[in-house]
Amino acid sequence: MPRAAVVCGLGSYLPEAVLSNDMLAAELDTSDAWISSRTGVRQRHIAGDLGSGDLALRAASAALASAGLERVDAVVLATSTGDFCCPATAPRVAARLGLVGALAFDLSAACTGFVYGLASVGSLISAGLADSALLVGVDTFSHTLDPADRSTRALFGDGAGAVVLRAGDAEEEGALLAFDLGSDGHQFDLLMTPAVSRAERSSGQASNYFRMDGKAVFGQAVTQMSDSVRRVLDRVGWQASDLHHLVPHQANTRILAAVADQLDLPVERVVSNIAEVGNTVAASIPLALAHGLRQGILRDGGNMVLTGFGAGLTWGSVALRWPKIVPTMD
C-alpha cells in the first residue's frame with residue numbers, strides 16, 4: 001500500500017496582547033458594532049515585538065508534545081511574514097527546536113499557505129524523503145498594516161498553528177486523502193503587500209502596507225473555496241452531505257456563511273473561531289482546528305475538508321478523516 005501522510009499532533013500559540021474592538025475604536029473612526037457586523041471579529045491577538053519565528057517556535061513545540069515526538073525529519077513554515085526576506089525562517093525555527101540537519105523551508109501562499117503546506121509535506125512523506133514532518137502556519141500580519149486603515153486593522157490578527165504528520169497508510173484516520181490546488185495570477189493585485197522585509201513593512205511608508213480590494217476578494221473567495229471543496233469531495237468520493245466538518249480559512253463570517261450556503265451545508269458544520277482571533281492568514285486553519293478540539297466540536301473519525309483562499313490568487317482544499325488527537329497550546 002502506498003505511503004500516506006497522517007496527522008498525529010496539533011499545537012497552537014496566540015500572543016498575549018489582545019486588541020478588542022472597543023480598544024480599536026478608541027484609536028480609529030469605528031465601533032464594535034461596525035466591525036462585528038461586517039467581519040464577525042470581536043478581538044484579535046497582536047504579536048508586538050515578537051516575530052513569526054517566535055510564534056512558530058511555540059506552536060511547533062506544542063504540536064510535538066501533542067504527537068509525543070521530540071524529533072521530525074522536516075520543518076515547513078507556511079508564512080507571508082517571515083522574519084527576513086532572506087534567509088527563510090524555517091531553518092532557524094528548526095535549529096531552535098534542536099532539529100539541526102532537518103529539511104527546512106518556508107512556503108508563501110498567503111491564506112492558502114497551510115493547505116499548500118499540507119500538500120508539500122504530504123509529498124515529502126509519500127516520496128520517502130521524510131518519515132515525519134512539522135508544518136507550521138504562522139503570520140504576524142499586524143506588522144504589515146497601515147495604522148490608520150480601519151478595514152484591515154479590524155480584520156487581521158497574529159498567531160501560529162502547527163501539525164505533526166507521520167508516514168502511514170490511507171486507511172488510517174488522519175491520512176491526507178485528496179487535494180485540490182489552484183491559482184490565478186492575473187488577479188495578484190487584489191491582495192498584496194509590496195514590502196519584502198519586516199524593516200520595510202515597519203517603515204511607516206503607506207506604499208509598503210498591505211492592501212486589498214475587499215469587494216472583489218469577497219466574490220472570489222466564495223467562488224473559489226466552494227468550487228475547490230466540490231472538486232476535492234468528488235476526488236475522495238464524498239457528497240457535501242457526507243461532511244461532518246468544514247474548516248475554512250477564517251476570512252470573515254460573511255464569506256464563511258456564503259460558502260456554507262453554496263455547498264448547502266448546515267452552518268453548524270463549519271468550524272469558526274474568527275470572533276476570538278480574527279483573520280490570522282496562514283495560521284487560521286490550524287488555529288480553527290485547535291479551537292474545534294478544545295470546544296469538543298470535532299468528531300474522531302469524522303469526514304473533514306480544510307479549504308483556503310488567499311493572495312496570489314491561490315486556493316486549495318484537502319480531505320481527511322479527523323484522528324483522535326490531544327491538542328496542546330503553548
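Note that Cβ sites are derived from N, Cα and C of the backbone, with glycine treated the same way.
The shown structure was predicted, so the numbers you read here are calculated from the model rather than taken from an experiment.
Copied over from Swiss-Prot:
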- Cys111: active site (ACT_SITE)
- His249: active site (ACT_SITE)
- Asn279: active site (ACT_SITE)
- 250-254: region 'ACP-binding' (REGION)
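Feature map: annotations from Swiss-Prot on the structure.
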residue: Cys111; record: active site; DSSP (3 states): helix
residue: His249; record: active site; DSSP (3 states): coil
residue: Asn279; record: active site; DSSP (3 states): strand
Sequence-distant neighbours of Cys111 (active site) in its chain (C-beta under 8 A, six or more apart): His249, Ala251, Asn279, Val281, Ala282, Ser284, Gly308, Phe309, Gly310, Ala311, Thr314
Which listed residue (His249, Asn279) has most other Cβ within 10 Å, given these are active-site residues: His249
